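Record features (TrEMBL):
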SIGNAL    1-24  signal peptide
DOMAIN    40-267  domain 'Lipid-binding serum glycoprotein N-terminal'
DISULFID  Cys169-Cys210  disulfide bond
DOMAIN    281-488  domain 'Lipid-binding serum glycoprotein C-terminal'
Amino acid sequence: MCWAGRMVLGAFRLLLVLVHTSAACEFGRSPYRATGIVCRMTKPAALLLNQETAQVIQAAFRNAKFPNITGERSMRLLGKVAYGLTNIQVNDLSIEKSEVELKEDNAIHIAIKNVTALFRGTLTYGYAGAWFLKMFHSVDFEIESSIDLQLGIELMCQKEQVVPDASDCYLTFHKLTLHLQGDKQPGWLKQLFTDFISFTLKFVLKREVCKEINVLAQMLTEYIVDLAANFVQDKEIIVDISLASDPVITASYLESHHKGLVLYQNHSSVLSDSVFSPSLLTESRMLYFWLSEHSLSNLASAAFSDGRLLLTLRGEKLQELFETEDSEVQRKAVQMIFQGTSYNDSVAKVWSLTHPQISLQPEGTVVQSLVAVEVSILPAGAEPLVALYMEKEITVTIQASYAEKELILQPVDSRIEIKVFKCTADPSGNDPSIQNFLQNMITVVGIPEVTSSIGSALTSLMNSKRLDLFDIINPEIITREGYVIVQLDFGFPNHLLLRFLDQSL
């Protein structure tokens, strides 16, 4: 791939949040009607990414291969002179500065200033004239260059997919000096070749640079789509992040609107009107994600249908659950329920009997569901004995946070209503001490244990998608009526681009 094509790799990182999966490009008039997920990257993030351009250039040039350049020219007395520049390599690359500007015409304008590079290779030339036999010679050369690159990346519609079009591409050469065999002084050979080789080299570089920029844009788009698609899919549960409307670029941010449909076993959730408005997001943080209550509720329903809302507790975890306090009431209740059986010979299961109902409020995420709890005793060589079975309507308000690469779910309020109660130690259900103990155990330990387990499971899932590789800075999860906002700053994800380069070069 052409060296200058790699040079603008850092610029295309600005498209990381514009995930363009296959989607029709004809949208309705209302850009937010069917939006379930919105992603906004602000100018501070674009500037941060652009500062890292030089580092990415070094990685891109490590294995870069440059095209051979050939040409021919008729000269008086000498006849036709043919030449070829081969084995071209670049050394001593440096960039004075790189600037990025977001335009409201849905374009990203990038200016890379004063790129200096030293090209080395071999010049082979031959000529045949009236007084000369055909002769070919080879000589080593160096080319000192100084180039500016202006690039406008426009978001276009192509093959039912929104893709970046980088055909608006210009190179300005401030310097292109040819040296032969390391000789810095002008000579007849240098004078002979410099002008038309320089002209040809400029033309070839311009052609190859702009062609490779578009190629690179396509490759990065596909790479990003693959990363995003993998992140929002786990086995049969898939989130449809195809575009719900055209991406928006202003002077302050880039923003993309996605459907946010949940697909499970070839069934899809239905589109819902959105409450999104651009005013809901600010511009003080680098990256924002807006998620609708509708999308999160459908995701919870898919998890329920897939049998994921099940928790099994044994041994020490089971002991922690039932020994919430050291009191006579607790010891009596545990003795009656477990009938003297060890925790290691017992198992507790907690699962949701109905689709969880999700409601997003300023206080947090309100989850309502009918939940079953079953405690079984496992006697050696015999069938399990159900010692306790309960069904209860639980409404819990959860606040979420993310710190130290871990999702933390903290219950702040809960209400429990027991619907079904069966206990071998209290067949009639008339012993208030057992029910009171269980009610307190569920509130104090049970709900926090379940929410903690869900948080740990989601953390493991996200880390399996390599989220832990990102440097996420001061993330905030803010719930409002009908939606949640995740806002954060981030460090440059250099590892992803280096991996892309290693795979692509």
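Using the three backbone atoms N, Cα and C, a Cβ is placed for every residue, glycine included.
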Around the Cβ of Cys210 (disulfide bond), the count of other Cβ atoms that are within 10 Å: 21
Averaged pLDDT score, the domain 'Lipid-binding serum glycoprotein C-terminal' (281-488): 89
Other C-beta atoms that fall within 10 angstroms of the C-beta of Cys169 (disulfide bond): 20
